[in-house]
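What follows is a single structure, written as structure tokens, with notes after it.
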Amino acid sequence: MTAEEMKAAENGAQSAPLPLEGVDISPKQDEGVLKVIKREGTGTETPMIGDRVFVHYTGWLLDGTKFDSSLDRKDKFSFDLGKGEVIKAWDIAVATMKVGEVCHITCKPEYAYGAAGSPPKIPPNATLVFEVELFEFKGEDLTEEEDGGIIRRIRTRGEGYARPNDGAMVEVALEGYHKDRLFDQRELCFEVGEGESLDLPCGLEEAIQRMEKGEHSIVYLKPSYAFGSVGKERFQIPPHAELRYEVRLKSFEKAKESWEMSSAEKLEQSNIVKERGTAYFKEGKYKQALLQYKKIVSWLEYESSFSGEEMQKVHALRLASHLNLAMCHLKLQAFSAAIESCNKALELDSNNEKGLFRRGEAHLAVNDFDLARADFQKVLQLYPSNKAAKTQLAVCQQRTRRQLAREKKLYANMFERLAEEEHKVKAEVAAGDHPTDAEMKGERNNVAENQSRVETEA
């Protein structure tokens, strides 16, 4: 029965008592949710916890009174399965449906609106009957940009509400697939933020941080959240490959949050993390290094309880972290972020040689030649022996000349085309105001013929 057929059928069942029938699909087998399939769906897949599902539905009381229908609104209803956004019976029943399936669901009050009901249409302790058609379902998008780069589908819900934070120690069992080929199967224990050293994609780590203990999920990764444009030779993954992971979070131990750490702990951990970040940077693992330096900033940025001697160490760590963040951003070609990190460093030390130089490099990379030149000139003013700044200043001036030459040529061509068009217009106007010799000769002949004709007629 299609959505249209459902609407036609409901008109003939406005007040007819509805029978209690169907297969008991309630978890407790207490006949709280009964299901009858009216039309089989297609395929074998059913929605998983967290999936976004799209349905049409009509709801009746047991006496046949219709109390709601998405068909009347001519708009499908959507919700996230298993998140408590709808009545319990729906979370249970829709999880058993296939795309295209139409079913009747009979819901006891404890799986519907309970003793309170939903005034004014649904009375207290009401048993309800729904007809539901499932149109589609899709996994949960975990990306901040909502670009579909990390999609999660939960096979088995975890326990509790706690999730791993940055720096947490996690124990996972995983399987990685490229198309249908199993390329990775491991049980690992590692610190969140260091997955790259174990050849784990950044998108998988992000997904793990959204999981609960015991959760078993499927994670789908677009190339930019997997192994990107370079692929992964170890696993024979080609460039621009989409991946699928089956991952189970067996256990985890959360890292201390900033507010849980004493000042001494923050200072101690910052020194450890700084060394780790430097090691990652030397290995060319810039994203991992970036995460380490960000930790230092988050721990020390607004901490004011240090002693005078400690404050000097904190100042040095903050300055080094912003400078190192800028360098990581430059390596990753995130030039706006590099400029921002340099600005933060220069707020701490306005004449810092590395801060000025790296900001100049970032400005140069995005063709802001005036700003780049100003930074390199200030470096040379403060540190005349800086050969790299002299070289970059020369590069900056050379590129400025090239740009001016290109602009000059562009404008010259533009003016030349405008002049040609203007000349063409003038020529056309002139041709229109002054007939050609041939046209004038033709006109004189016509006048002579007309005059001869007039004389003959006279």
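Residue positions begin at 1 at the first shown residue.
Yeah, the Cβs are placed from backbone N, Cα and C, and that goes for glycine too.
Residues or ranges marked as compositional bias 'Basic and acidic residues' in Swiss-Prot: 434-458.
Sequence annotations record features per position, and here Swiss-Prot assigns domain 'PPIase FKBP-type 1' to 50-138.
Secondary structure by DSSP for the domain 'PPIase FKBP-type 2' (167-253): 17 helix, 41 strand, 29 coil. The feature domain 'PPIase FKBP-type 2' is assigned by Swiss-Prot to 167-253, with sequence analysis given as support.
Among the features that Swiss-Prot reports, N-acetylmethionine is placed at Met1.
Marked as N-acetylthreonine by Swiss-Prot on the basis of similarity to another entry: Thr2.
Residues or ranges marked as phosphothreonine in Swiss-Prot: Thr143 (among others). In the three-state DSSP assignment, the secondary structure recorded for Thr143 (phosphothreonine) is coil. Counting every protein chain shown, 15 other Cβ atoms lie within 10 Å of the Cβ of Thr143 (phosphothreonine).
Among the features that Swiss-Prot reports, phosphotyrosine is placed at Tyr220.
Annotation source Swiss-Prot lists N6-acetyllysine at Lys282, citing similarity to another entry. Residues near Lys282 (N6-acetyllysine) in space but far in sequence (CB under 8 A, at least 6 apart, same chain): none are found.
Around Arg373 (omega-N-methylarginine), the same-chain residues at least 6 positions away in sequence with a Cβ under 8 Å from its Cβ are Gly360, Leu393, Cys396, Gln397, Thr400. Positions annotated as omega-N-methylarginine by Swiss-Prot: Arg373.
Marked as phosphothreonine by Swiss-Prot on the basis of similarity to another entry: Thr436 (among others).
The phosphoserine annotation in Swiss-Prot covers Ser452 and rests on similarity to another entry.
If you look up Swiss-Prot, you'll see 1-24 (among others) marked as region 'Disordered'.
Per Swiss-Prot, region 'Interaction with tubulin' is recorded for 267-400.
Per Swiss-Prot, the feature region 'Disordered' maps to 428-458 (among others).
What Swiss-Prot lists as repeat 'TPR 1' is 270-303. Per-residue pLDDT, averaged over the repeat 'TPR 1' (270-303), rounds to 91.
Across the repeat 'TPR 2' (319-352), DSSP helix (H, G, I), strand (E, B) and coil residues number 27 helix, 0 strand, 7 coil. If you look up Swiss-Prot, you'll see 319-352 marked as repeat 'TPR 2'.
Helix, strand and coil content of the domain 'PPIase FKBP-type 1' (50-138), in residues and according to DSSP, is 14 helix, 37 strand, 38 coil.
Arg373 (omega-N-methylarginine) falls within a helix when secondary structure is assigned with DSSP. Long-range neighbours of the repeat 'TPR 2' (319-352) within the same chain, counting only residues 6 or more positions beyond its ends whose Cβ lies under 8 Å from a Cβ of the stretch, are 274, 277-278, 281, 286-287, 289-290, 293-294, 296-297, 300, 358-359, 361-363, 365-366, 382.
Between the CA atoms of Tyr220 (phosphotyrosine) and Thr143 (phosphothreonine) there is a gap of 12 Å, rounded to the nearest whole number.
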